[in-house]
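Data block below; observations after.
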């Protein structure tokens, strides 16, 4: 088995479509309005575009096709010219709003496209855009919208995901990049066939800010190499999604990301103070814009965030529609090497001479297999020569596994894996993230 196999779970089963039953509601949307949906509870909601033109976060809807939004979904169906939408099910919230920032977002896209045209004409690079703002203001949604609009114009932009708590490119606890070649699927998002993913190990950058900044620099370096060899990627530029930590070390991480990627444009959502701070601290040639958040962006509870992270991991193993079948098998303790990136903080007086706490943050600490590893998510980092510990924290991962069981008597681990045994020659990096496989 090659290491690439880990990125694609096993054979798929026929999709079982959900029948259009339950209460039905028809919405007549006027031009430049949007139907906002929030789906909680346990039942999905289905939507169909009956007439007119409409889109979801920049992806055009196909007329007379039913789209399913599962529990936990939040969506906005926007129309530039007016449309009729049929809805089946009982969402927690469904209303039409005229108060939308879509015209401002479209103007932003027009400006970015003008920069791409100029880059094409003058042999320069395209716009590198960093999207910043506190939590729950719609940063990921704005990135998705601008990426979709760029692709619809024939571009091939790169999505750079620095939000370790969300994981739109891969699972939570990772950082990564994805070349976007087609608009996001309304139900499943962007196709992640060959993402570049790095292990971080936690959902909060503050747990290891040294590693976070190092991986940010690594992503920027790899993106620069791609732009050097691919003119279309260079002209198309990138959209960088950041986390909602915008104070203290979080703010410094934003400045570091802007510097590492040499961004041309910074879009700040819904926080004037952050906008003014970045305007002051970034180079004068960086265009910094303040944009309003959508009225549909609302604060999520800790429970909602946890469920969203669980869903992202579940989708990795089982697919967005639950139609994939991962593999379960046992391996012996002696067959694996497990590490954690970053040693526990200890007093400076106890550190070796000349070593700092920051050095400690990048140290690989061996983890002895035991019961406390149960249900942890682990990154699979393939070994292609060299020592096991050499630069492991900067290597891209091949995929992920979950330890579903630990037998200390038999010295075995039971794994949930998207690919069958055996594991490739690899090192496993353990995350703080746990996943209970209840399927």
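Backbone N, Cα and C atoms are what each Cβ position is placed from, and that goes for glycine too.
Classification of residue 140 (ATP binding site) by DSSP places it within a helix. Sequence-distant contacts of residue 140 (ATP binding site), defined as residues of its own chain at least six apart whose C-beta falls under 8 angstroms from its C-beta, comprise 163, 166, 168, 241. The ATP binding site annotation in Swiss-Prot covers 34, 74, 136, 137, 138, 139, 140, 141.
Summarising the annotation, Swiss-Prot assigns compositional bias 'Polar residues' to 14-24.
Summarising the annotation, Swiss-Prot assigns region 'Disordered' to 1-29.
Cβ neighbours within 10 Å of residue 34 (ATP binding site), excluding its own Cβ and spanning all shown chains: 24.
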